[in-house]
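Summarising the annotation, TrEMBL assigns transmembrane segment to 24-44, 64-81, 93-111, 117-138, 150-171, 177-198, 291-310, 338-356, 363-381, 387-410, 422-446, 452-473. Per TrEMBL, the feature domain 'Major facilitator superfamily (MFS) profile' maps to 26-476. The feature region 'Disordered' is assigned by TrEMBL to 245-266.
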Amino acid sequence: MGDGTLEYTVDDALVSMGFGKFQLLVLAYAGMGWISEAMEMMLLSFVGPAVQSAWGLSSKQESFITSVVFTGMLVGAYSWGIVSDNYGRRKGFLITAMITSGAGFLSAFSPNYTSLLIFRCLVGVGLGGGPVLSSWFLEFIPAPSRGTWMVIFSAFWTVGTILEASLAWFVMPTLGWRWLLALSALPSSLLLIFYWVAPESPRYLCLKGRTAEAITILEKVARLNGTKLPSGILVSDLTVELSEKSTPSEDTSLISPKTDEDVTPKEMDSNMGGISLLLTLLSPNLIRSTLLLWVVFFGNAFSYYGLVLLTSELNGHSQCGPTKVQSVASQDINYKNIFIASFAELPGLIISAATVDRLGRKLSMSGMFFLCCIFLLPLVVHQPEGLTTALLFGARICITATFTIVYIYAPEIYPTSVRTTGVGVASAMGRIGGMVCPLVAVALVHGCHQTASILLFEAVIFLSGICVILFPFETKGRELSDSVSSSSKPIDAFV
């Protein structure tokens, strides 16, 4: 600050200490939450048809079981982002774990269709907190290795999908859908059991002026990693930015301190409301990134969950309008196809890991979106079951890669003060895509309109790829920012 005192930020400390045992424990905890969300989403492919058969539901009622989950996630993604940005990351994922595990277990005992919808909607509200865990983990990773470790974090989603597909394959034919719902709620309950050891984000604490607590956590990181903290005083990059500015600007007029001590800028205000946070996302510095990100999240979720559902729908409805006898006969085949397709996420993750820190986020994402379009194109007309499964497998690889990378890119473009809200709202837009997908795209397949369905997927995926190209800057190698003004400054090498 001009008096010769050494200073360091959370980023400086993390880079100095490196990725070690502490981050591996954080990864394990956050990964369990990701497994939980993946399992709860994958089971929709199995529970819907089973409940339809057991309770004599119409196709529209079956689709509604999936849509209410996304409706709940739409509410949860926005709500938990605000909670975690105002009251801390730990409080955010504590509440979500309680709701997800509780409602998930109770849904197994649903006596009727209405109660099942209510419980599954509540599960969706809990699952909407997924971005809180990803942002929390991101804030512990040193900048140079952030892309690689976020891909590894995303691998837990793949573990969840494969685990759920395996569980359904063994549980559904013998124990039924209620047991599948109950067993799938177990991973989220583990988050509650180990909640007491989960640390708060030091970046969040530092932004809120709670530097003593942040230092305590960073000291634990250093101790477990066998390293030491840098010398000097811990400051947020917002404080550094303020101290470096000698002339007032539009940004500093909002956050300029009156004294060198005891400063609480607007971006550190712990009482920022939901409307205020949303307006920040739509401020001139962030509006372009925010709007483009919303479209990409919508397209990603629409495509990803659509491909999961189409894996069984295109094969199961190859004759267009199958009889109940055909549906029962193809039941085992559908389990097998979904199980096989879930392994497509592994090469998707490998591709993400290989490209995200080499080619960058934007090029990796856009390339995978356009390649996905190529895989889906032959499905405009009916293809044999083997070729259909193979093409969907390839498309699933691509969309898994884009989903993985966008969950790395999204929290990187937002400052700490609105990070989980920004990712949460973007994720909510994705939930709308997932909610619309079974009601529109999959319904077209049921109605013998396969060509229209695939062309719709092609349009959504292609538009998403274009939006990625239009993102204002690349985030590869950039440090995370704490303030809105610094988050919007592109580094020449990465524009």
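Cβ from N, Cα, C; glycine included.
Unlike curated entries, TrEMBL annotations are predicted automatically.
Residues 33, 36-37, 40, 76, 80, 83-84, 119-120, 122-123, 125-130, 132-133, 136, 178-179, 181-182, 184-186, 188-189, 191-192, 195, 198 of the same chain lie 6 or more positions beyond the ends of the transmembrane segment (93-111) yet place their CB under 8 Å from a CB of it. Across 117-138, 177-198, 363-381, stretch 363-381 shows the highest tally of CB pairs under 8 A with the transmembrane segment (452-473). Simply put, out of 24-44, 117-138, 150-171, 291-310, 363-381, 24-44 has the most Cβ pairs sitting under 8 Å from the transmembrane segment (177-198). Summarising model confidence by region, the domain 'Major facilitator superfamily (MFS) profile' (26-476) averages a pLDDT of 78. Segment contact is absent for the transmembrane segment (387-410) and the transmembrane segment (24-44), given fewer than three CB pairs below 8 angstroms at sequence separation of 6 or more.
Outside the transmembrane segment (150-171), and at least 6 residues removed from its termini, the chain residues within Cβ reach (under 8 Å) are 27, 30-32, 34-39, 42-43, 45-46, 134, 137-138, 141, 179-180, 183-184, 187, 335-336, 338-339, 342-343, 345-346, 348-349, 352-353, 356, 400, 403-404, 407-408.
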